[in-house]
Amino acid sequence: MDLDAVTKQSALHAKPDGLTLQYGTAGFRTKAEHLDHVMFRMGLLAVLRSKQTKSTIGVMVTASHNPEEDNGVKLVDPLGEMLAPSWEEHATCLANAEEQDLPRVLVDIGEKAAVNLHQDAFVVIGRDTRPSSEKLSQCVIDGVTVLGGQFHDYGLLTTPQLHYMVYCRNTSGQYGKATIEGYYQKLSTAFVELTKQAFCSGDGQRTLKVDCANGIGALKLREMKHYFSQGLSVQLFNDGTKGKLNHLCGADFVKSHQKPPQGIEMKSNERCCSFDGDADRIIYYYHDADGQFHLVDGDKIAALISSFLKEPLLEIGDSLSLGVVQTAYANGSSTRYLEEVMKVPVYCTKTGVKHLHHKAQEFDIGVYFEANGHGTVLFSKAAEMKIKQLAKELEEDKKRKAAKMLENVIDLFNQATGDAISDMLVIEAILALKGLTVQQWDALYTDLPNRQLKVKVADRQVISTTDAERQAVKPPGLQEAINELVKKYRLSRAFVRPSGTEDIVRVYAEADSQENADSLAYEVSLAVFQLAGGIGERPQPAESPEQFLDDLPLFT
């Protein structure tokens with residue numbers, strides 16, 4: 001490791017005074033002009049991680065659903081997964097090191113992680129369509145090359161596509177070809193195979209309107225759509241030709257504001273969906289005949305997919321385990337539907353995709369989606385091999401078809417932590433095979449009315465939770481107060497959790513009516529304010545839903 005060269009190159013990517021960043025589930029994110037040094041240093045870190053794992057590591061330049069002025073970076077581990085938690089700590093330490101300390105911190109990381117510095121390193125890089133992304137990608141490349149690492153710059157990619165490239169390279173092409181063409185072919189072939197029966201039965205071509213958030217998803221979906229155009233016609237809106245990234249459009253906007261994005265024309269009962277800026281989330285929605293807006297969120301995506309998967313699993317008669325993983329924010333009606341109607345086991349984890357992903361890996365087939373539309377289905381290697389073997393060996397036609405259906409679903413799902421294009425194709429395939437309209441899908445269950453608020457506190461660390469953040473253990477008396485308030489309302493529950501980034505406490509409440517959900521959320525907020533050191537203005541009762549729009553949490 002040539003530390004003199006690192007010091008010299010780092011001076012060209014100097015760290016601004018006083019800037020401190022924390023690597024989390026979303027990697028690093030802030031205003032683009034503050035990220036030059038972070039990108040350079042993540043290039044350095046990617047080389048060390050590559051040497052340590054003897055694998056290709058990915059670096060994605062994106063800030064997902066954040067405004068266009070922001071940017072960010074996240075590292076992708078060898079099997080297309082998020083960076084290991086111990087290396088998140090290394091990333092934070094390296095990004096915040098002062099210039100004079102950078103060589104020492106770099107050496108410390110190498111020693112703590114037992115990195116063989118003589119090992120070769122290879123890094124693949126992707127970026128979204130933000131104006132700042134190309135320059136920041138070059139900063140990453142500068143970091144990779146100064147430590148002697150090799151790299152391949154894929155240029156413009158969705159975040160899940162970079163995850164796919166990393167996984168392909170580290171499985172010697174067994175998962176697929178590590179090219180954008182390979183990605184398109186793998187997913188579209190599986191989609192066409194899966195839907196062949198539905199489209200042969202006279203269902204005809206289906207049409208879907210897609211809001212691409214003026215992001216990278218538009219570019220890639222436009223390149224890909226001719227591969228599956230015989231079965232599905234996608235019409236692109238907010239395609240980046242005009243309008244700013246994520247501005248008044250995209251999955252996060254639709255979910256938070258409970259209304260359609262600007263720039264899309266919706267007729268009654270038309271299926272529409274929205275991606276986020278880097279195409280790793282998807283949300284469906286429609287207008288009914290009365291013009292009422294209906295959101296079909298990640299909870300209903302999980303319900304649709306898991307109920308679909310259960311049928312072929314029962315048909316082939318194999319004992320593969322199927323589990324659905326949710327967070328405390330999942331609507332109570334979705335949990336009851338899965339457990340009581342579909343008889344599918346449901347598990348709850350802390351908020352954050354990395355927690356969901358880790359729990360889902362415990363099953364042969366793990367389904368997880370956050371309500372915001374970020375999620376996927378994970379098949380264990382053993383389950384994948386078993387299903388593909390059954391698809392070849394089963395003699396009974398019905399059982400063989402069921403195994404083949406599961407095999408196509410395996411190939412459709414990108415094993416990243418969420419892929420809007422992949423999820424879209426799976427959803428469209430299921431709706432076609434089941435002959436379901438978007439209204440019928442939405443009617444699987446009725447969401448309980450809910451409300452989310454936030455309370456400013458002097459120190460968020462006074463709140464401590466357990467049971468996947470559903471129970472507060474500190475401060476004393478808070479959980480008891482919440483329990484008493486919940487007893488006042490039918491079908492109700494409430495929980496509180498501290499923000500991961502600022503001194504606020506997030507409050508969630510649901511009940512049998514919107515009025516009761518609002519009242520419960522307000523009363524729990526008051527309890528938090530009184531018992532957890534609230535500051536500023538006391539929580540106020542709801543007057544209109546609009547006042548709560550800024551209180552919705554940003555999930556990553």
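Just so you know, glycine gets a Cβ as well, placed from its N, Cα and C.
Looking at 257-276, 537-556, the range annotated in TrEMBL as region 'Disordered' turns out to be 537-556. Which of 16-43, 184-211, 380-407, 464-491 counts as coiled coil depends on TrEMBL, and there it is 380-407. Here PRO498 (substrate binding site) comes close to ARG460, GLN461, ILE463, THR465, ILE504, VAL505, ARG506: these same-chain residues lie at least six apart in sequence, with C-beta atoms under 8 angstroms from its C-beta. In this structure the C-alpha atoms belonging to ASP278 (Mg(2+) binding site) and GLY500 (substrate binding site) are separated by 22 Å. Under 8 Å from some Cβ of the coiled coil (380-407) lie the Cβ atoms of residues 193-194, 309, 311-313, 315-318, 320, 361, 363-365, all in the same chain and six or more residues away from its ends. Neighbour density around each Cβ, counted as other Cβ atoms within 10 Å, peaks among the binding-site residues ASP276, GLU370 at ASP276.
For the substrate site, whose annotated binding residues are GLU370, ALA371, ASN372, ARG497, PRO498, SER499, GLY500, THR501, ARG506, the maximal Cα to Cα separation is 20 Å.
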